[in-house]
Amino acid sequence: MARYTKEDIFRLAKEENVKYIRLQFTDLLGVIKNVEIPVSQLTKALDNKMMFDGSSIEGFVRIEESDMYLYPDLDTWVIFPWTAEKGKVARLICDIYNADGTPFEGDPRNNLKRVLKEMEALGFSDFNLGPEPEFFLFKVDEKGNPTLELNDNGGYFDLAPMDLGENCRRDIVLELEEMGFEIEASHHEVAPGQHEIDFKYANAIRSCDDIQTFKLVVKTIARKHGLHATFMPKPLYGVNGSGMHCNLSLFKNGENVFYDQNGDLQLSDDARHFIAGILKHAPAFTAVANPTVNSYKRLVPGYEAPCYVAWSAQNRSPLVRIPASRGISTRVEVRSVDPAANPYLVMATLLAAGLDGIKNKLTPPAAVDRNIYVMTKEEREEAGIVDLPATLAQALVTLQSNEVISNALGDHLLEHFIEAKEFEWDIFRTQVHQWERDQYMSLY
C-alpha cells in the first residue's frame, strides 16, 4: 500500500484534476456509505473536521447524539479510473469518531482495529486475509432494473462464447489494477452467470477495504456493460450460491507462524490451535459470516458450500480447508463466509475465534477426508461433526450465547446487529411467498 502525506494528496489532487472526493465508510450491515465533497473542502477533510449525521446510518447512534466525524485514512487515497464529466473523483476511506475525539465503537473498521490490538498484545504482528468473492451478472430491463435473466450459461472455467461475461470481467480487472489491486486470477464460476476474481492477500484492514472497493468497482463496471452485478449469496434456486472464502494467516516479524516444516502437514502448533478456535466458535460467528435470510439457502448440501463444522487438508466439503501451499503461503481457508457479510465484522470474529484457540491451546478434532455430504447423520455424530445453524434465527441465538464472538463485536455493534437482524427475520417469517401460493392454494 502506498504511504501518503497530506502534501502528497494535495499535490496529486491538483496534478490529476480531481474535482470531488468521496469520504467513504461502511455501516453496520456492510453497506458502503460516503460523503462527497468538492476539492475546495479537502483541507477541512484532511484536518478531520468533516462532520455528518450519524443517526441516519444503520447501527450508529440516536438522533440526540448524532454529530460524528470522518477521519480519513490517508493511505487509502485512490483516484477512480473511470472518467467523470468535469474532472476526476478520488476516494478516502474513513474511520468514524465521536465529537469528543474518541473512536466510535459502532464503527466496524474501528472495531476490527480494536481486535487487532488484542492480537498484537499476544505477540503477533499481522493478520492477513486473501478473499475469494463471487458474484452473479444479470441482465437489466429497459429501465435499468435487474432481471432474473442471466448474462450467460457458462460453467466452471468456461471460455467465450459460453462465458459471455468475459469482457465485463476483464474490464473489472483492468479498473482494479489501475486502482492498485494485484489481481491473481479471474474466471467463470460453477453456476451460469457466476464469476470470481481473486486478489492478493494483505493485512486485515487493507483486505477489508479492498473487498468494499471491489464490490463498488464490480457494480459500476457491470452497469456500464448493461448488466447488474449482485453479491447476494443465493439469487437462484438449484445452482451454486456465491461465497467469499477467506484465506487467513498470522505473521510474526515477517514470518508465517502457521508454518512448521517439521509439524504434521507442516502446520505449527499455533495453526492447529487457531483451527480449533475457528471450529469451536463457527456456529456463533455464522450470524456475522452469513448475515441474511438468503445466506442459509446457500448453506445446504450439494452445492459446494459447507454445512458442517470440520476441517481437512484437501477435502472441500468441510468448513475449514488447508490449501496445499506451505512456507509463507500457509493458510487456513474458511469456506462458509458469503459476500453479503460486513468484512470488518467477519474478520474481527474470525480473528477472535482463532486467538481463543491459541490462548487456550485448543486441539482440533481429527481431519475429515471423506465427503461429508454423503455421510449419514450417525456417521457425522460419531466423528464429532456438528451442523452450522440452518437459519438466520438459529444463528442469532447461537451468537448471543457465545462470549468470545460477542466480545469481538463489542456491546454497541452486537446490540444493534441483533436488533437489525431479528427485525429482518421477523419480516421474512411473516411474508407469504410465491412458493407457498404455488404449493397450497390449489391443494387446500
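Cβ atoms are placed via backbone N, Cα and C, with glycine included.
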For the Mg(2+) 2 site that Swiss-Prot lists with GLU134, GLU196, give the additional residue from the candidates GLU142, GLU189. GLU189
Determine which of GLU36, GLU184, GLU304, GLU333 appears in Swiss-Prot for the same Mg(2+) 1 site as GLU132, HIS245. GLU333
Around the recorded L-glutamate site, report the further residues of that chain (criterion: Cβ within 8 Å of the mean position of the Cβ atoms of ASN240, GLY241, ARG298, GLU304, ARG316, ARG335; site residues excluded), sequence-ordered. GLY243, TYR303, ALA305, PRO306
Given the binding-site residues GLU184, GLU189, GLU196, tell me which ones have a C-alpha lying within 10 Å of the C-alpha of GLU304 (L-glutamate binding site). none
Using a 10 Å cut-off on CB atoms, tell me which of the binding-site residues GLU132, GLU304 is the least crowded. GLU304
I'm trying to understand the geometry here, so how far is the Cα atom of GLU196 (Mg(2+) 2 binding site) from the Cα atom of ARG316 (ATP binding site), in Å to the nearest whole number? 17
Measuring Cα to Cα, how far is ARG321 (ATP binding site) from GLU333 (Mg(2+) 1 binding site) in Å? 5
GLU134, GLU184, GLU189, GLU196: which of these binding-site residues has the sparsest Cβ neighbourhood within 10 Å? GLU184
Here are some binding-site residues: HIS245, ARG316. Which one has the most Cβ atoms within 10 Å of its Cβ? HIS245
